[in-house]
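K.L.:
First the structure, which I've put down as structure tokens, then a few questions once you've had a look.
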Amino acid sequence: MGSIAEPVQEITVSKPLGIRFIEYIKRSAISYRTYQAIVLIVTFFAYTAYHATRKTTSIVKSALDPQSPDVNLKSPFSWRRAYAHKPLESPRNSWVLGAGWVPFNGSDGTSLLGELDVGFLFVYATGMFFSGHAGDRMDLRLFLTIGMVGTGLFTALFGFGYWANIHIFYYYLIVQMLAGLFQSTGWPSVVAVVGNWFGKKKRGLIMGIWNAHTSIGNITGSVVASMLLKDRSYGTSVEIEVEDESAVGFLEAWRIPGVAPFALCLFFAKLVAYTFLYWLPFYISHTAIEGRYVSNEESGTLSTLFDVGGVVGGILAGHISDRLDARAITAASFMYCAIPALYFYRSYGHVSMTINIILMLITGMFVNGPYALITTAVSADLGTHSSLRGNSRALATVTLL
């Protein structure tokens, strides 16, 4: 995808049907700023959909492997007691909300759910390497479309296990792994598209706001899944710079100044963020708050506050990094603040619901702040680094590092 720059030569580009439709309604050609707005909106909702489908499985965990209904709420919480219940004797037509789902409702249910996450994340991480390279070599619109269709299909197939009464662990494992493969196409694609349409000025703030799609998607997935659980309980020419560019290789991307330290920082931020993404609702439903265990739908709804804090953190980190022109200092500061935030949430989140909510918001802000900053503005900065000598076909590759 060519970079938007000063016009070198004028060529006519075949415009997408959506652009033609908008121009037909307006009866005039759309402006450059309108193109930018369309790019932001389309990619925002695209990645919102990715995360909404990703979040649903974390909400369903509590229903697949529920806490024991006869737990003594006044005694200290025991993981062993919570998983001491026996699996249902007959899986056929025997599922009711609160009873669990074979094979996840046995004593090894937590381990099996963890294996689903490991399978998904392993394929997702592996797929990101190939997706980044493919995104720099393919039409990003086609690449993103394939990823979204595949993601929707395998997310639906996971839920199809309920309607088809499937109790085979490897069915869910394979479906999750294939879902991870298609999910890996999303991030390199949307960052590459947005990075090519926006310059460095105010990039941190713009992409901080745009990156709210991650949290909005998580919130949407949480709310929808919780509700379901509760119910069962261009006509003109476009000026572009035409260059003979070739996509950068993986090792060449690693040699870009700043990539290695930011990648290391992102590793730890993403490790914590994904732990909360997949296990926060499960953790909440299995932890007594003010001596009471909340229901599955309540834990799913409550977990969305982490993402609300994440929206604030992403915007705040982007704005601060723009004002100070210091991406690294901003990311590091948020990371340091995340350490005590995590400790306080783990130690005092059970004291009261109010304290739990406040600490969850603060934790989400400091964990997702650097995560959002590095995966958006920093990735775009590094993908258009001066060492690449104007080669714009590095954005998708840099996002996977």
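Glycine residues also receive a Cβ, built from the backbone N, Cα and C atoms like all the rest.
Dumping what TrEMBL says about this protein:
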type	residues	note
TRANSMEM	30-50	transmembrane segment
DOMAIN	42-401	domain 'Major facilitator superfamily (MFS) profile'
TRANSMEM	112-130	transmembrane segment
TRANSMEM	142-163	transmembrane segment
TRANSMEM	169-198	transmembrane segment
TRANSMEM	210-229	transmembrane segment
TRANSMEM	259-280	transmembrane segment
TRANSMEM	301-320	transmembrane segment
TRANSMEM	326-345	transmembrane segment
TRANSMEM	357-380	transmembrane segment
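If you look at the structure here, what lies around each of the features I listed?
P.N.:
Cβ atoms under 8 Å from those of the transmembrane segment (30-50) belong to residues 4, 18-19, 22-23, 144, 147-148, 151-152, 183, 186-187, 190, 193-194, 197-198, 206, 210, 212-214, 216-217, 220 of the same chain, restricted to positions at least 6 beyond its ends.
Panel annotation: around the transmembrane segment (112-130), residues 57, 61, 64-65, 103-104, 169, 172-173, 176-181, 183-185, 187-188, 250, 274, 278, 282, 400 of the same chain, lying at least six beyond its termini, place a Cβ under 8 Å from a Cβ of the stretch.
For the transmembrane segment (210-229), same-chain residues at least 6 beyond its ends with a Cβ under 8 Å from one of its own Cβ atoms are 40, 43-45, 47-56, 58-60, 62-63, 97, 194, 277, 281, 296-298, 300-301, 303-304, 306-308, 310-311, 314-315, 318, 364, 368, 372, 375-376.
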K.L.:
Where else in the chain does the transmembrane segment (259-280) make close Cβ contacts, counting only residues six or more beyond its ends and a cut-off under 8 Å?
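P.N.:
Here the qualifying positions are 54-55, 57-58, 61, 117, 121, 218, 253, 303, 306, 310, 328, 331-332, 335, 338, 342, 363-364, 367-368, 370-371, 374-375, 378, 382, 398, 401.
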K.L.:
The domain 'Major facilitator superfamily (MFS) profile' (42-401): mean pLDDT?
P.N.:
77
K.L.:
Which stretch, 142-163, 326-345, 357-380, tops the Cβ pairs under 8 Å count with the transmembrane segment (301-320)?
P.N.:
357-380
